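K.L.:
Quick paste from Swiss-Prot:
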BINDING   ASN116, THR166, LYS170, ARG288, HIS320, SER372  substrate binding site
ACT_SITE  LYS168  active site, proton acceptor
MOD_RES   LYS194  N6-carboxylysine
BINDING   LYS194, ASP196, GLU197  Mg(2+) binding site
ACT_SITE  HIS287  active site, proton acceptor
SITE      LYS327  site 'Transition state stabilizer'
Amino acid sequence: MAVKSYQAGVTQYRQSYWQPDYMPLDTDILACFKITPQPGVDREEAAAAVAAESSCGTWTTVWTDLLTDLDYYKGRAYRLEDVPGDDTCYYAFIAYPIDLFEEGSVVNVFTSLVGNVFGFKAVRALRLEDLRFPIAYVKTCGGPPHGIQVERDKLNKYGRPLLGCTIKPKLGLSAKNYGRACYEALRGGLDFTKDDENINSQPFMRWRDRFDFVMEAVQKAEHETGERKGHYLNVTAPTPEEMYKRAEYAKEIRAPIIMHDYLAGGLCANAGLANWCRNNGMLLHIHRAMHAVIDRNPHHGIHFRVLTKILRLSGGDHLHTGTVVGKLEGDRASTLGWIDLLRESFVPEDRSRGIFFDQDWGSMPGGFAVASGGIHVWHMPALVTIFGDDSVLQFGGGTVGHPWGNALAHANRVALEACVQARGEGRHLEKEGKDLLTAAAAHSPELKIAMETWKEIKFEFETMDKLAVANK
């Protein structure tokens, strides 16, 4: 066997990291990047540079390469594809050996795959479009603390989406008035109320006061309605120690569910909190605040389907996924894709929904998809169709904004049950939605007023991040 010798100097990345004949292993972590190269940098060299800089390569030859098996540990760019309708960029597929990453650490995965390489000068823009996690890696991660079935069993609620409300105004209420708003919404027929993502422990409402008044509201509504209720108590905090302190107090006052901002709070904190929830029988609601900073630019950043996979591995029983019909970004096909990635046990490659790889989750439980952001009763037929039963339909202004106060909690429940009944009868909810709601409103003045109030409200803006699908 020839002995390799060290030769100082600079070589092209493609000599070591571009391997078009490579067949990915079942244990490899696979990535699809969208690369916009700098002028004069060819495709293979740019893809190889990304593979090198996101694994074990650097800009020059180093003598310590001879102290390890570089051929085993390096990332390999193995395929390039055109982006339909955009000749300024292309897809690069890269395979990484599983041993490059610490077991069960999505933090470590992100440190490599979306670390310094995103500032690399050889590329003008770089976006991580998708990841394939092998089952060997999935099994090292904690995943959702409980999952869909366990949550339904805890709540004793089956056969329909769950209903929620984000309390408004999101900032400025006193703890007592905040609790009052929660009580009215829960008593009116909702399953959950929710802290907004930016409610932590501000001077106008300290966290302990909020927790106490809210749980009083939850318990009172439960006694009056005979249904299990809950409120997402946001335990996101300045430090992990303070976060756990708030979680422990939520457990002490018998709260069924807490909440965390997983991107703003950090993936390390989120994984730790998910483990705590698993060990303490607490459900975990996840908000995605900050995601659009990362995922909205179609050429640079991280696609939300990747953030969804990372959250499922890190741990969360609920995740906000957008609405398609509301005020937030997200086209229908892409949204359905990442909803499946959150809930299903196996999701096949489907380019029409932006899914670049098969993803096998094994026995890892799925989480509820949360539809939230600019939705109201007129959206109910579409929401039930798009999201199905394993979802939380979260109306904020669409509950608290009713002319009769929180009467819209009752209106939302009536609209939901009318849609679920019609679906069971085989009716087409989106085509017959207006007739269904009008018939239900004949027996619900609360729903009738809500329909009048929001009949002209639409959010018809063009989606910034469109699926790139080849013409057939």
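Every residue gets a Cβ built from N, Cα and C, even glycine.
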K.L.:
Quick one: pull the CA-CA distance for HIS287 (active site, proton acceptor) versus HIS320 (substrate binding site), whole Å only.
P.N.:
6
K.L.:
Around ASP196 (Mg(2+) binding site), which of the listed binding-site residues (ASN116, ARG288, HIS320, SER372) come within 10 Å, judging by Cα atoms?
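P.N.:
Near ASP196 (Mg(2+) binding site), where near means Cα within 10 Å, there are no binding-site residues at all.
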K.L.:
Which of LYS168, LYS170, HIS287, ARG288 (the recorded positions) has the most other Cβ atoms within 10 Å?
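P.N.:
By the 10 Å Cβ neighbour count, HIS287 comes out on top.
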K.L.:
Out of ASP196, GLU197, which of these binding-site residues shows the lowest number of other CB atoms within 10 Å of its CB?
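P.N.:
If we count Cβ atoms within 10 Å for the binding-site residues ASP196, GLU197, the smallest count is at ASP196.
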K.L.:
Hey, which of the binding-site residues ASN116, SER372 is the loneliest by Cβ count within 10 Å?
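P.N.:
If we count Cβ atoms within 10 Å for the binding-site residues ASN116, SER372, the smallest count is at ASN116.
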K.L.:
Over the residue list ASN116, THR166, LYS170, ARG288, HIS320, SER372, recorded for substrate, what is the maximum interresidue Cα distance in Å?
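P.N.:
If we measure all Cα pairs in ASN116, THR166, LYS170, ARG288, HIS320, SER372, the largest is 37 Å.
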K.L.:
Residues near the Mg(2+) site, LYS194, ASP196, GLU197 excluded, by Cβ within 8 Å of the Cβ center?
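P.N.:
Here the non-site neighbours turn out to be THR166, ILE167, LYS170, ASP195, ASN198, ILE199, TYR232, ASN234, MET259, HIS287.
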K.L.:
In sequence order, which same-chain residues at least six apart have a C-beta under 8 angstroms from HIS320 (substrate binding site)?
P.N.:
ILE286, HIS287, ARG288, VAL370, SER372, GLY373, GLN394
K.L.:
Using a 10 Å cut-off on CB atoms, tell me which of the recorded positions THR166, LYS194 is the least crowded.
P.N.:
THR166
K.L.:
Quick check: of the recorded positions listed here (LYS168, LYS194, GLU197), which one has the Cα closest to that of ASN116 (substrate binding site)?
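P.N.:
Checking each of LYS168, LYS194, GLU197 against ASN116 (substrate binding site), the shortest Cα distance is to GLU197.
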K.L.:
Can you tell me how far the Cα of LYS168 (active site, proton acceptor) sits from the Cα of LYS194 (N6-carboxylysine), in Å?
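P.N.:
Distance between the two Cα atoms comes out at 10 Å.
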K.L.:
Provide the three-state secondary structure of THR166 (substrate binding site) computed with DSSP.
P.N.:
strand
K.L.:
Between LYS170 (substrate binding site) and GLU197 (Mg(2+) binding site), how many Å separate their Cα atoms?
P.N.:
8
